[in-house]
Amino acid sequence: MQNLDIAKFGGTSVADYQAMNNCVQVVTANPNTKLVVVSACAGVTNLLVELASGACDSKQREEIIAKVFAIHKAIFDQLDDSDKHAAVINEYLGVVRDLAVQATMTRTDAITDRLVSHGELMSSYLITEIFKQKGFKATCFDVRQVMRTDSNYGQALPLVEVIAALTKQHLLPLLDSGDTIVVTQGFIGADSSGQTTTLGRGGSDYSAALLGESCHAKTISIWTDVPGVYTTDPRLVPNAKPIAELTYLEAAEMATFGAKILHPSTLVPAVRCGIPVFVGSSKEPEKGGTWVRPTTDYAPPFRAVALRKNQTLIVLSSPKMVGASGFLAQVFSIFAKYHLSVDLVSTSEVSIAITLDAGTQTSGLSSIPEALFHELREFCHVKVEHGLSLVAVVGNNMARSAHITDEVFSAIDEYAVRMICYGASSHNLCFLVGADEAVEVLGRLHHKLLEKE
Ligand code: ADP
Ligand code: ASP
Ligand code: MG
């Protein structure tokens, strides 16, 4: 389909009947929006993750299932044929109950993924019914037919070439027919044996971008609860301002360093095929939003500040490091073995400091296994620190301009900075601070770097 727009709606955008109606209005206002990707209704994924933890007794289990049912009932009660919809939701929740019981016996990431996928399965079913009731032709498409991933449950990697081939076979013919709005699920996929997988928390943005790529979309629209990308999280810093235009690079840096508005991988497929990404509010579409494009007219030295919580700092030291070669390779090969992605790195004569983010798995469990520390301790001293947050200043030409570090650090000279990374990219300067001071640090930086006229 030519000029296809993909519209992705996050959890708050599909939280209830009114919110889903706003989505329908947004979609039907643009004749090019033919593919709709939805998250689970707000709060549902967290409830399902709790069920999948295996830690609930039967009373807690039934209470959670009742809460999940109530969220969906409040929506289908507004529709004709509510008995039919109740039966569909109850059938999904029957599977959820069985999986939750299984999880109490043996919790696995595969069971977690199957269980939590029901959030998106239920929301996509209900919003399709709303489209139909409003007189639009709509089809609910199971994204697992096309969203092929590896089997790394909880944080699966999409297999882009297979997704392209499957999309051509199963999804493009539906879109090319042009007469139906296709509604599908974000966040979930399937591996080659048909087992359900998930792309990690917040992964629906990534799903939309992957589908944008495989469907050769003209635009990808991420509809959320704020009218665009701001200079920092407006919930943390009330003076944050919306940004009209961002480059892919700037937006990717912001997402990587904690701007939750976009899942960190979202820009990867968009960059591969140069598709512009729009971010706006489904509740207030008239307020406009942010366009993320390959280039922008204006490239300020300071564009935004971001915060990523729950960072783990690991300091590895060994006298064997002095003048030795291969020590870093040895350390990184151990992290690679455990599929852990290292974020920041800083080295001194006898030590290496690195940071890890352990919290993006769907299960919500830490992805840092104890075995990693055992293995590291075999050849160096290991010190682990928690309770840290990563603050990032995102901008342009930062490592090539004078006064950057002075402007940044003079704003926060009352705070202890635990580690700094600067110079690898000209687009960011980031550092670790204590979690208890992080929001204050963010506010000070925002005030000094982004509020001046
Ligand atoms: P959705 O459910 O639609 O995916 P998210 O909660 O994942 O929405 O992301 C939207 C939230 O991201 C906003 O409510 C806001 O608190 C947060 N956020 C963090 N950084 C930024 C930023 N720079 N600009 C706008 N919102 C941000
Ligand atoms: N529902 C999933 C989550 O809450 C995916 C998403 O909303 O993007 O993480
Ligand atoms: Mg999100």
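Each Cβ is built from the backbone N, Cα and C atoms, and glycine gets one as well.
Pulled from TrEMBL:
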DOMAIN    6-280  domain 'Aspartate/glutamate/uridylate kinase'
BINDING   Lys8, Phe9, Gly10, Gly11, Thr224, Asp225, Tyr230, Arg235  ATP binding site
BINDING   Thr45, Glu120  substrate binding site
DOMAIN    391-448  domain 'Aspartokinase ACT'
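Only Gly10 of the binding-site residues listed as Phe9, Gly10, Gly11 bring a Cβ under 6 Å of any atom of ligand 3; the order follows the sequence. Under the DSSP three-state reduction, Lys8 (ATP binding site) is assigned to strand. Mapped onto DSSP classes, the domain 'Aspartokinase ACT' (391-448) shows 25 helix, 15 strand, 18 coil. Spanning the listed ATP site, residues Lys8, Phe9, Gly10, Gly11, Thr224, Asp225, Tyr230, Arg235 have a farthest Cα to Cα distance of 22 Å. Counting in whole angstrom, Lys8 (ATP binding site) lies 12 from Glu120 (substrate binding site) by their C-alpha atoms. Asp225 are the binding-site residues among Lys8, Phe9, Thr45, Glu120, Asp225 whose C-beta comes within less than 6 Å of an atom of ligand 1, given in sequence order. Separation of the C-alpha atoms of Thr45 (substrate binding site) and Gly11 (ATP binding site): 9 Å, rounded to the nearest whole number.
Between the CA atoms of Phe9 (ATP binding site) and Glu120 (substrate binding site) there is a gap of 11 Å.
The distance from the Cα of Gly11 (ATP binding site) to the Cα of Glu120 (substrate binding site) comes to 9 Å. Sorted by the number of other CB atoms within 10 A, the binding-site residues Phe9, Tyr230 start with Tyr230, the lowest. In the predicted model, the domain 'Aspartokinase ACT' (391-448) has a mean pLDDT of 94.
Checking the binding-site residues Phe9, Gly11, Thr45, Thr224, Arg235 against ligand 2, the ones whose Cβ sits under 6 Å from it are Gly11, Thr45.
Across the structure, Asp225 (ATP binding site) and Glu120 (substrate binding site) are spaced 18 Å apart at their Cα atoms.
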